[in-house]
Amino acid sequence: MRFTATAAALVASSIPATLGQHVRDLSNEKWTLSSDALNHTVPGNLPSHAHLDLLKAGVIDDPYHGLNDFNLRWIPESNWTYTTDKIKDLMPIEFCGKYVASTNNQYRQYSFDVSQILEGCNEDPILKIDFGSAPNIVNAIAEDRNSPVWPDGIQQTYEYPNRWFMRKEQSDFGWDWGPAFAPAGPWKPAYIVQLPKAQNIHVLNTDLDIYRKGQINHLPPDQSQPWVVNASIDFVGSLPPNPSMSIEFKDTKSGEILTSKRIGNVTVSGNSVTGVTVLGGVTPKLWWPLGLGDQNLYNITVTVTGHQNQTLAHVTKRTGFRTIFLNQRNITDAQLAQGIAPGANWHFEVNGHEFYAKGSNIIPPDAFWPRVTEARMARLFDAVVAGNQNMLRVWSSGIYLHDFIYDLADERGILLWSEFEFSDALYPVDDAFLDNIAAEVVYNVRRVNHHPSLALWAGGNEIESLMLPTVERKAPEEYAKYVGEYEKLYISLILPLVYQNTRSITYSPSSTTEGYLDVDLSAPVPMVERYHNTTPGSYYGDTDFYNYDSSVSFNSHVYPVGRFANEFGYHSMPSLQTWQQAVDPEDLHFNSTTVMLRNHHYPAGGTFTDNFHNTSLGMGEMTIAVQRYYPIPNKLDSVANFSAWCHATQLFQADMYKSEIQFYRRGSGMPERQLGSLYWQLEDIWQAPSWAGIEYGGRWKVLHYVSRDIYQRIIVSPFWNYTTGDLDLYVTSDLWESAKGKVNLTWLDLSGTPLPHNAGTPGSVPFNVGALNTTKIYSTNIKNLTLPNPKDAILVLSLSGEGHLPNSDKKTTFTHQNHFTPVFPKDLALVDPGLELSYNTKSKTFTVEAKSGVSLYTWLDYPADVVGYFDENAFVLLPGQKKEIGFTVQEDNTDGKWVQGVTVQSLWNQTLEK
């Protein structure tokens, strides 16, 4: 008999049993949770965390409430034991007084053979899984004289220190957007597997690699070559000599069989059986990211057989046919001739096509993964699709995402840039640590390789772009040493492991790099990074940019010019409704102790519970930004004033992201040939100030609505140099063919009256924008305009054009609206727009009308206990204009009564006392 488990959480393969196997899901057993910190036991669950079981038992309040991240520190600082008994033939980590094994990596899959222990067990078996205190363990490792010590000021501690010594979710120890619960417990399922004595196997993991013949990870695949399928199964048990393998591909929609054949070149190495076949003469329908084509998927069944065609293993996975390639090659002569600046590329190509990556960074959606459900993630990914995003960067260090999350991405066409779990720190490079990492890398690369949504493997977060420069600045005499350690871990160890287990995915050693100079897989350091070997006037790599000086937030000259933007942003407050989920009514004001201490920007840097100095800096950044650009809320009711301030911080955040995204998208037609914008960050882990566009629970901030608008296929954008007064209008398109149309320019005062002679600008301007490109359609200077009062003026830009979507012969009409004001919003001579809101019970849509003036930042809001999003929000509405808006309900706990609580406001409301 065999007991299969993954990491300290005891996760195991969930492949069904065959040929007399008996697989027992330990999630169905009765568990108890105990600790010296308690004087009694409570019911436990698997999977679970100690916090969740203590909450369910009524021992603690909601960990997310108030300052419970501080109040409940006794939980992560204690040891916990999960126990189950009265199960015959059960094999524990500690069983019948016998030690079975210890695990030290949350990210690995473990299996333990306990047959001999079972044979000698003369009592009722008890399975006991002990979880030590993660903060205490890493501190003990740090104090060991044999542990590495890094120069002062290098390692980034957010709350609990020394996280880099443990292969556990790094944000469990705290981050600048989340709490430090450091939870303990069996966070994934576990199983008991009993195999017959005859030759038999149980599948642990499956690697399905689908690529073009001759494809190599860092080189562009030849799209004319046939597809190759490499199927590899990891197992426990024993295979007979000379096993056979076969595959079958079946269309998930039609059920039509694409191909069914035996695989040749079957080899058995250790506990893996592998076969490779070329799909000659087979033309599958391709899988495309969102907006570029259909998400065609196939079920692939791999069967392993022995003598007399006896089935030994049978695995079915859902997959798709696509190539995805990160192009970091040098700029070619042909590109130079097109006006692209010299240097190196840094963009993605899918099925041989360049495309613009539009998206954000996803962080852990909860501090406690066992309560993250497929339905919850489906709602989040539906919001990603609704937000016109085709790529998410899966930030490290959270976890390697569950397969069901990749499944959701496969279905929706969301590319997942994935990373190994290292972030903002230097890590050990001793042999034991590297061996542990090697097993982690191999398991996870093989596990998710069949998903067409998988876009990239990156070595870690900001290691090359932040950590190495920090060493160079603070400990220059040790810079060479730590560059060597960086290359030892991320290039000499991880890169070959990736290449050995997939040919379909590119690897980059860090999330942000200047790219590579050379790749030689036979060299001790197989990838030579560029580092400082750059040439002025040339562009390389991707950018990671933050600037919390809000005085330059709308100055595009401070934005980095690069080939791809993988991180940028600014924090804001969540809405009142979200705060009310976690904060008592008396704490609902901007500078309350609870609100301030839930803000972890800037982090405490230790286990301090009085981080008022650092958090006040982050709160101050939001406050100053609002004061610089927007009407300052001053409502008589304290809760209403708090809500207005929260909303104001979201307005600034959204406008700043809009400015930066427009700049990056315009770069697609500039010398830098910029082809990607992934802002920080998609969603929240809890209710607190952060960079998120979607709050904990699913409510959209202003940011997600605005990014959805500016991520449309064809957009018109104003670029204003407020120092010189220059105003340029650009049209940007991410279509694969040219598009043409016109942009209407309409100058109005804020009462909605057209300005005489349209303020000296033409009423409309034609455009013809190239494929994946941008074009300037108009240029002027504010001084040349005939504006009676710049504070009482708005330019409304309305685009209408035609073009073809990628992989479509149908001509499509595209529209987009934008606006420009000659002064910042706080200086505008606002008027009451006289907003009216109605609801049509038949069409289930809302109608908003402005009766008396221009409505800026028109904002529809909905009450608590419902989750969803409006078709449009944060828009400009002109007098007499009616806009019909639908609402997508994702979750409703009000029995439809939420409709009665929908409200509408505009920037004008931010100036009112009530």
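Count begins at 1; order follows the chain as displayed.
Each residue, glycine too, has its Cβ placed from N, Cα and C.
Annotation comment: Swiss-Prot describes 1-20 as signal peptide.
In the shown protein chains, 7 other C-beta atoms lie within 10 A of the C-beta of Asn39 (N-linked glycosylation site). When secondary structure is read from DSSP and collapsed to three states, Asn39 (N-linked glycosylation site) falls in the coil class. Here Swiss-Prot flags Asn39 (among others) as N-linked glycosylation site, drawing on sequence analysis.
A coil conformation is recorded for Asn79 (N-linked glycosylation site) in the three-state DSSP classification, outside any helix or strand. Within 10 Å of the C-beta of Asn79 (N-linked glycosylation site) we count 16 further C-beta atoms, all protein chains included. Marked as N-linked glycosylation site by Swiss-Prot on the basis of sequence analysis: Asn79 (among others).
Annotated N-linked glycosylation site per Swiss-Prot: Asn230 (among others), in sequence order, evidence recorded as sequence analysis. Of all Cβ atoms in the protein chains displayed, 20 besides its own lie within 10 Å of the Cβ of Asn230 (N-linked glycosylation site).
Annotation note: Asn299 (N-linked glycosylation site) sits in a strand segment as assigned by DSSP. Long-range C-beta contacts of Asn299 (N-linked glycosylation site), restricted to its own chain and to partners at least six residues apart, with a cutoff below 8 Å, comprise Phe249, Lys250, Thr252, Thr316, Lys317, Arg318, Thr319. Among the features that Swiss-Prot reports, N-linked glycosylation site is placed at Asn299 (among others).
Residues or ranges marked as N-linked glycosylation site by Swiss-Prot: Asn330 (among others). Sequence-distant neighbours of Asn330 (N-linked glycosylation site) (same chain, 6+ apart, CB under 8 A from its CB) are Gly343, Ala344, Asn345.
Summarising the annotation, Swiss-Prot assigns active site, proton donor to Glu462. The Cβ neighbour count for Glu462 (active site, proton donor), using a 10 Å radius over every protein chain in view, is 23. DSSP assigns Glu462 (active site, proton donor) to coil in the three-state reduction, outside any helix or strand.
DSSP classifies Asn591 (N-linked glycosylation site) as coil under the three-state reduction. Listed in sequence order, Met619 are the same-chain residues at least 6 apart in sequence whose CB falls under 8 Å from the CB of Asn591 (N-linked glycosylation site). If you look up Swiss-Prot, you'll see Asn591 (among others) marked as N-linked glycosylation site, on the strength of sequence analysis.
Long-range Cβ neighbours of Asn614 (N-linked glycosylation site) (same chain, at least 6 residues apart, Cβ-Cβ under 8 Å): Tyr602, Pro603, Ala604, Gly605. Taken from Swiss-Prot, the feature N-linked glycosylation site covers Asn614 (among others), and the record attributes it to sequence analysis.
Under the heading N-linked glycosylation site, Swiss-Prot lists Asn641 (among others), citing sequence analysis as support. Sequence-distant neighbours of Asn641 (N-linked glycosylation site) (same chain, 6+ residues apart, CB-CB distance under 8 A): His589, Pro633, Asn634, Lys635.
Annotation source Swiss-Prot lists N-linked glycosylation site at Asn721 (among others). A coil conformation is recorded for Asn721 (N-linked glycosylation site) in the three-state DSSP classification, outside any helix or strand. Around Asn721 (N-linked glycosylation site), the same-chain residues six or more apart in sequence whose CB sits under 8 Å from its CB are Leu727, listed in sequence order.
Taken from Swiss-Prot, the feature N-linked glycosylation site covers Asn744 (among others). Around Asn744 (N-linked glycosylation site), the C-beta neighbours below 8 angstroms that are at least 6 residues distant in the chain are Gly763, Ser764, Val796, Leu797, Ser798, Leu799, Ser800.
For Asn784 (N-linked glycosylation site), the Cβ neighbour count at a 10 Å cut-off comes to 12, with all displayed protein chains included. The N-linked glycosylation site annotation in Swiss-Prot covers Asn784 (among others), and the record cites sequence analysis as its basis.
Annotation source Swiss-Prot lists N-linked glycosylation site at Asn909 (among others), citing sequence analysis. Long-range C-beta contacts of Asn909 (N-linked glycosylation site), restricted to its own chain and to partners at least six residues apart, with a cutoff below 8 Å, comprise Ala644.
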Roughly how many Å lie between the Cα atoms of Glu462 (active site, proton donor) and Asn230 (N-linked glycosylation site), rounded to a whole value?
32
If I take the Cα of Asn79 (N-linked glycosylation site) as reference, which of the glycosylation sites Asn39, Asn230, Asn784 has the closest Cα?
Asn39
Euclidean distance between Cα atoms of Asn784 (N-linked glycosylation site) and Asn39 (N-linked glycosylation site), Å:
79
Whole-number Å value for how far Asn784 (N-linked glycosylation site) lies from Asn230 (N-linked glycosylation site) (Cα to Cα):
65
